[in-house]
Amino acid sequence: MAKVALLLCVCVLAVFASVNGHTEKKKVGFYELKRGDMSLKFTNWGATLVSFVLPDKNGKLTDIVLGYDTIDEYKNDTTYFGAIVGRVANRIGGAKYKLNGVTYKLEANEGKNMLHGGPKGYSDVVWKVTKYDNKGHNPHIVFTYHSFDGEEGFPGEILVTVRYTLLADNQLSLVMKAKNLGRKTTPVNLAQHAYWNLGGHNSGDILSEKIQIFASNYTPVDSELIPTGKIEAVQGTPFDFLKPKTIGSRIKQLPNGYDINYALDGVKGCKVRKAALVHDEKSGIEMEISTNAPGLQFYTGNMIKNSKGKDGSVYKAHAAICLETQWYPDYVNNPQWPQSIMHGGKDKYKHEMLYKFSTH
C-alpha cells in the first residue's frame, strides 16, 4: 500500500470495521485535492465527494455539491450525498435476480426492492486510502474497498478501487474499477451519487438550470420505480432533453419530479462520450459529463426534505440534481439490456467519467 501523504483531516475518527469476521481499526477523515482555483474535499466514509469549489463567472468561489460538515452526519445520511454506491447501483426489483439457473436473494432496503447495494452498501463503509497526492500536475486520491463474498446477498469476493484525479482546464477524472478475486460470478455497477447545484449548494432549487441529455431513449418504470423492461423514445415526453431546456420547464407533468434512467446514445464500443451538459445562468458555471457507461440516472432531489447541510444550510426538494452514469437499473433481471457481470477469476470492471467545468 502506498504511503498516504499530505493528509488534511478536519476530523479524524477511529472506527472498527468487520470483514469476514476480522475486525480492524480504520481512520475516517477528510482529504483535499487542489489545483489552481479548483478544490475538492472527500471523506473515506463511502469514498464520498464532500465539496467542490471553483470560481463562478464573476470570480466568486462557489461550492457546487450538497453535503455535510461532519463524519457523523454522513454516517446517518439517507440521501447518499456524494457517495460511491454499489455493489449494484440503483434498483433491483424484488431484491433478487437469477443467473445461470441460480436465484440470488439480496437484502431489501426500499420496500421489497434493493436500492444502491442494500441497507449497508458501499456508501456506508470505510474505504482505505491507498494513494493520495495533492502535489504535482495531477493531484489525485485512490480509495479501495474489499467487498466480501455474500455482502448484502451478492456472491463473490471483489476488490473495488475509485480514483479521483484533477486535470488541467478545470477537469475531474473519475475511474471506478473492480476485480473479481474468486471464482463466483457477480454483477457490479458502481455510481457516483453527487448532488449538483451549479448556482451553489445553498442557492435554492435547480429548476432554472438548463440541461441537455444525450439520449434519444429512456427506460420507463412502474409505481415503485422499477423498469418495465421496455426502452421508449423521449420524443414527445417530458423526458426529452436532446436540446437544452430548463429543468423546471415540464417537471409538473410528473408526479414528483425526475428520477429516470436514460439509455445514452453512442453506446457501441463502450467509448467515453458526452452524456449530459448543465448550465446555471446566474453563476455562469457549466458542467459537461462524459462516460463509457450505457445509462444515466437523472434525479431532481425529489425526496430531500429540510435536510440540514453544510454551513447551516437547509436543503429542500429540488435543491440539486444527480447525474449518475451507470448500467441500467435492474439490468440483472433484464438480460436483453447491456450487462455488467464479472465472471470468476477473469473479468474486470471499469467505469470511467470525465467532468469538464467552464464559465460563461
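Cβ coordinates come from backbone N, Cα and C, glycine included.
Automatic, uncurated: that is what TrEMBL annotation is.
Database features (TrEMBL):
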- His193: active site, proton donor (ACT_SITE)
- Glu324: active site, proton acceptor (ACT_SITE)
- Asn90, Arg91, His193, Ala194, Tyr195, Asp259: beta-D-galactose binding site (BINDING)
- 1-21: signal peptide (SIGNAL)
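The two recorded residues, Tyr195 (beta-D-galactose binding site) and Glu324 (active site, proton acceptor), show a Cα separation of 10 Å. Across the annotated binding residues for beta-D-galactose (Asn90, Arg91, His193, Ala194, Tyr195, Asp259), the two most widely spaced Cα atoms sit 18 Å apart. For Asn90 (beta-D-galactose binding site), the same-chain residues that are 6 or more apart in sequence and have a Cβ closer than 8 Å to its Cβ are Leu115, His116, Asn189, Ala191, Asn261, Gln297, Glu324, Gln326, Tyr328, Pro329, Asp330. The recorded positions considered are Asp259, Glu324; of these, Asp259 has the fewest other C-beta atoms within 10 angstroms of its C-beta. For the pair formed by Arg91 (beta-D-galactose binding site) and His193 (active site, proton donor), distance between Cα atoms is given as 14 Å, rounded to the nearest Å. Cα of Asp259 (beta-D-galactose binding site) to Cα of His193 (active site, proton donor): a distance of 13 Å. Within 10 Å of the Cβ of Ala194 (beta-D-galactose binding site) there are 25 other Cβ atoms, across all protein chains. Counting Cβ atoms from all protein chains shown, Tyr195 (beta-D-galactose binding site) has 26 others lying within 10 Å of its own Cβ. Here the residue listed as 'active site, proton donor' comes close to Tyr80, Phe81, Gly82, Ala83, Ile84, Val85, Ala89, His116, Ser123, Cys322, Glu324: these same-chain residues lie at least six apart in sequence, with C-beta atoms under 8 angstroms from its C-beta.
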